[in-house]
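Let me begin by presenting the structure, written as structure tokens, before commenting on it.
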């Protein structure tokens with residue numbers, strides 16, 4: 001029934017390749033099916049003005065798409081002179097999600113910026129960015145700990161995200177682009193490795209959904225995030 | 001326990017005053033406690049390029065805050081040269097929410113723009129905007145129907161929204177600003193008059209939540225939206 | 001002869017309602033006929049760089065219009081990415097006008113920002129903004145004086161403004177929108193409560209005027225400003 | 001008493017050199033003392049959208065200053081990414097002023113853009129721009145008439161402008177920069193060759209003025225404009 | 001003598017991997033040492049306005065760098081609201097270079113956009129972009145020819161580019177970042193497969209060079225381009 | 001054979017008029033045929049952040065064109081909200097070129113900004129800007145030396161620039177606009193008074209060139225720069 005032939009509760013193939021750029025303090029290429037996102041983490045000593053002198057750290061994120069990551073070429077945001085509403089919304093989401101798993105006291109007064117750049121898109125880029133972004137963050141923090149700059153681990157729980165939706169009347173896990181563009185209801189669940197919720201975003205476009213369906217989607221999300229956290233652990237072990 | 005002395009499941013006082021500006025096709029001032037939003041609906045014959053010639057209508061929204069709607073003055077977005085990420089995110093949300101209750105075939109090839117301008121803010125401005133925006137939309141559509149420009153009612157189900165969150169460890173309904181700025185978990189539920197979900201956005205900042213808590217918040221949201229829809233019906237009867 | 005049936009030297013009905021928002025240090029809604037402007041005054045301890053350390057205070061203003069304040073919806077300036085030339089011109093005018101009535105030594109090194117947001121427009125919004133803006137400023141300064149932060153009153157003379165023009169060949173006072181859009185000559189007189197001039201702006205679009213006509217317009221302006229100052233005094237008594 | 005030694009009612013030396021660039025349809029360099037403005041007029045067949053098909057013509061203006069036209073270097077507006085409020089205000093004024101002397105039916109459906117670029121500034125650049133801009137416009141219209149593209153002269157009356165102000169308590173004509181920066185009251189009078197008023201802008205910064213003083217300033221302005229119109233006629237004879 | 005231990009006339013290792021994204025009509029990842037650039041070619045039926053209806057084709061290019069392609073993170077251009085001067089300069093260069101090898105009549109009225117995105121930078125990114133960009137262009141044109149949309153080959157001669165400079169007093173080929181940041185003289189030679197010049201850009205920063213040195217650099221460039229064209233041929237055979 | 005009747009190796013008439021504005025520390029109007037550029041040099045005590053405290057000076061440049069410097073009016077860059085790619089490229093080039101002749105230690109920690117504004121354009125504006133810009137710089141530095149602010153001359157060698165190209169198959173010197181718009185190959189040579197190269201930019205648009213032709217163009221450039229340096233010396237003697 002799904003265009004890809006997957007079962008309703010099947011994720012696409014997941015791979016996480018670390019150490020893909022020589023400059024960044026942490027980096028990975030995450031591939032969820034044909035969605036490929038390059039994630040890098042940059043450590044800087046400065047923090048945003050609103051926490052200067054507080055002793056607390058900060059984690060933030062930026063998101064971008066190469067112009068031809070998609071089926072038809074999109075206009076380059078740098079050329080159009082601003083980041084679109086969708087981009088801003090996504091990068092705020094990634095930052096919030098990653099911060100939920102960070103002990104900012106333990107991190108100390110420094111900032112880690114996670115850049116998520118979509119090299120190839122096939123649905124689910126924001127979830128892939130969060131999941132891969134956490135891996136880049138993990139690797140950068142490992143470097144801080146190895147250097148003795150950070151003493152107790154500020155990453156209290158892994159963070160991963162997966163999309164779910166109602167496609168052709170059925171709840172499905174991890175929508176690819178053909179499903180995403182047809183689904184009346186879809187959204188993202190961001191969770192921790194220990195099964196807690198960080199963010200739930202379910203949205204209907206020209207449709208509505210019931211509380212029962214909401215429950216079924218959460219069941220799927222829990223399954224998906226469990227698999228993603230296992231892949232994160234394998235990649236950073 | 002709540003700063004306002006309300007019970008956990010109490011809404012603030014709700015009032016909706018219609019016909020507040022002489023130019024707009026539909027308008028209201030919605031007051032949810034000390035949060036006051038002026039909502040106007042404008043009917044135009046043109047539609048966005050991507051549906052031109054399709055026979056379908058469109059509903060969109062814009063959101064703004066007067067600089068001194070808040071406790072300390074915020075920079076005017078027109079002066080800073082762009083709408084901030086928060087503004088863009090909110091107005092996209094309002095538009096999506098209102099469209100979920102519209103039969104776009106029945107509306108016909110025309111656009112209704114709902115402007116939501118916050119005159120005074122005390123938490124929950126996006127929910128007030130959706131709830132009041134639907135009233136302005138209802139009044140504008142009534143005008144189209146009275147004129148015979150639209151034959152069957154395109155507003156298939158009322159749309160309203162309420163915030164919920166976990167404050168001081170307890171699930172609470174309709175957060176005001178003091179609660180909102182302290183809550184570790186909060187979000188918005190957008191629902192129809194018939195109890196269906198349109199959008200769920202729950203988010204933890206520096207915190208996490210369980211699936212049980214998610215259920216308690218949904219119970220509160222259902223109660224709040226029921227009260228808001230009753231106020232919408234009274235205002236537009 | 002006038003569309004509204006008013007005599008040549010009649011003002012529209014004037015009302016000034018104070019204390020309309022809970023956050024601002026001073027606020028009012030001024031209504032000149034169907035022109036409604038919300039004016040708020042914000043006190044801040046910082047001053048612009050060019051007077052830092054001088055001991056002098058500063059008064060500045062910003063002006064905006066809600067998109068549907070007018071008969072057809074105007075594009076939101078925040079969305080178009082900049083304030084238009086008309087907006088910039090008006091807010092510079094309001095600031096200059098208000099400063100003319102201020103003893104900046106007595107005010108002390110602080111800034112008061114007066115925001116004038118047009119809720120509904122029917123001609124004469126800049127004059128209403130100045131007249132209402134002075135009321136908001138008065139209330140904010142009263143608060144400073146009551147708190148003992150300012151010792152002698154920095155508001156040396158009330159400031160008010162009225163429009164005049166030549167409509168259908170006759171000099172008329174306080175043009176509404178139907179008159180304003182037809183008048184070949186129109187402009188604004190900004191004066192003090194004691195009858196001194198602060199700013200005169202008379203302009204002909206596709207027309208010219210004589211020095212005699214200029215004198216008749218000044219007579220009307222003096223009458224109008226006298227009535228507006230009385231309304232200011234009543235509102236702030 | 002004046003820094004330059006001039007009498008209260010003396011203009012600075014005026015010179016208007018025509019034909020200063022080979023590309024423009026009309027051009028001049030106007031020098032009012034040390035204020036030098038290059039004015040060019042460009043004829044185009046297109047008109048702004050709001051008069052398309054009306055048969056009416058349009059005259060518009062743009063204004064700029066070279067970065068080192070002033071005593072200390074100003075930031076280049078092209079580099080700062082926008083025209084400042086002062087620039088926008090001035091170029092709107094120049095356009096309005098020039099249109100007041102134009103019969104737009106006689107001009108026919110075409111646009112003339114007058115560019116006024118300040119090469120060296122010493123006060124009064126907007127008045128010099130209007131006076132010189134009219135000369136460039138006159139020369140461009142002459143070209144249209146010689147070619148038979150326009151049959152009856154659309155320039156019904158010359159347009160010129162001069163500044164006046166109250167300096168050291170005395171009304172003075174044609175303020176230079178040292179006077180302008182000290183004057184408590186100053187402004188501009190735009191008039192026609194036949195002595196009619198087009199625009200009056202008198203403004204007090206930190207000061208006020210009486211109706212009597214207003215009359216004295218108008219006497220001075222009439223004297224100045226008469227001299228400027230004579231210079232325009234000599235340059236375009 | 002060179003930091004990398006290379007001989008004066010040695011290129012770094014060159015690899016060109018084709019077909020690296022599933023959406024673009026042509027794509028490759030070019031690696032010149034540690035400089036890695038992802039190049040994609042997009043075919044569109046529209047052309048820029050200035051050649052509409054001419055029957056001629058167009059090739060253009062855009063260039064970007066991921067924020068952490070470099071040793072310290074650079075600000076994302078989309079976030080800063082514009083492409084920097086360096087970016088604009090480079091992408092204009094790439095477009096000009098590629099067009100020099102194209103028969104625009106044979107291409108027919110269509111546009112090919114070549115996007116060059118630097119994934120990792122270590123000097124010479126603009127030369128790598130041109131060399132890899134030509135490969136992406138070649139592959140996209142092959143697709144047009146296979147489909148019969150283009151009949152005779154519009155790519156008349158391969159185009160490749162290499163940097164040269166004077167490092168520690170010696171002319172060297174293909175500068176890496178440590179050399180580039182120290183070289184007093186450096187630049188780029190863009191040439192065709194048949195040894196003709198398309199563009200020469202030699203520039204001294206805080207230094208000068210003689211005509212003899214210019215000749216030595218051209219000898220090196222010819223050697224480098226010959227090797228790059230061989231790599232292009234191997235990748236697209 | 002050349003539209004102007006000049007021989008292949010003839011420059012246009014060159015004139016350099018100094019002291020053309022009263023405010024700038026150095027200024028000239030350079031005229032190369034019908035290309036007229038106003039160059040001013042401004043001395044400021046501040047330097048860019050990246051050399052603060054280094055004791056080194058900085059020379060930078062900005063470039064602009066009046067809207068009607070060209071045959072058809074171009075949009076004013078200040079009005080379009082940004083400097084185009086061509087402008088940015090040119091002003092970076094002028095700055096680099098001038099710095100190549102400066103001993104930044106001798107200059108001391110101050111910045112000189114050279115503004116080059118094209119009053120009338122007929123080809124070769126960037127070369128005229130460099131040649132005239134050096135004269136303005138020379139005059140400003142003379143002022144510093146006369147005042148004793150700079151002790152040894154920081155201008156170690158004059159800098160001048162000329163364009164060359166292949167027009168109708170022949171190498172020609174100093175292209176005017178009719179030649180420039182037809183030439184298949186053209187570019188700029190920036191050299192010092194002692195015959196050293198600073199920058200070479202040769203570029204083919206829809207064409208290619210040989211190494212022999214490159215040599216012939218360099219011969220022409222040497223002749224042109226020699227004449228320009230003589231004119232610079234005469235103007236600043």
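Even glycines carry a Cβ here, placed using N, Cα and C.
According to TrEMBL, the phosphate binding site annotation covers C:86, C:124, C:125, C:126. According to DSSP, residue C:124 (phosphate binding site) sits in a coil region rather than a helix or strand. Its own atom aside, the Cβ of residue C:124 (phosphate binding site) has 26 Cβ atoms within 10 angstroms in the protein chains shown.
Taken from TrEMBL, the feature domain 'Exoribonuclease phosphorolytic' covers C:11-140 (among others).
If you look up TrEMBL, you'll see C:157-224 (among others) marked as domain 'Exoribonuclease phosphorolytic'. Each residue of the domain 'Exoribonuclease phosphorolytic' (C:157-224) gets a DSSP state, and the totals for helix, strand and coil are 18 helix, 30 strand, 20 coil.
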On the Cα atoms of C:86, C:124, C:125, C:126, which are listed as binding phosphate, what is the maximum pairwise distance in Å?
-> 13
Setting C:86, C:124, C:125, C:126 aside, what same-chain residues sit with their Cβ within 8 Å of the center of the Cβ atoms that define the phosphate site, listed in sequence order?
-> C:63, C:90, C:118, C:121, C:123, C:127, C:128, C:129
Could you count the residues of the domain 'Exoribonuclease phosphorolytic' (C:11-140) that DSSP puts in helix, in strand and in coil?
-> 42 helix, 41 strand, 47 coil
Would you mind checking how many other C-beta atoms are within 10 angstroms of the C-beta on residue C:125 (phosphate binding site)?
-> 24
Binding-site residues: C:86, C:126 - member with fewest neighbouring CB atoms within 10 Å = C:86
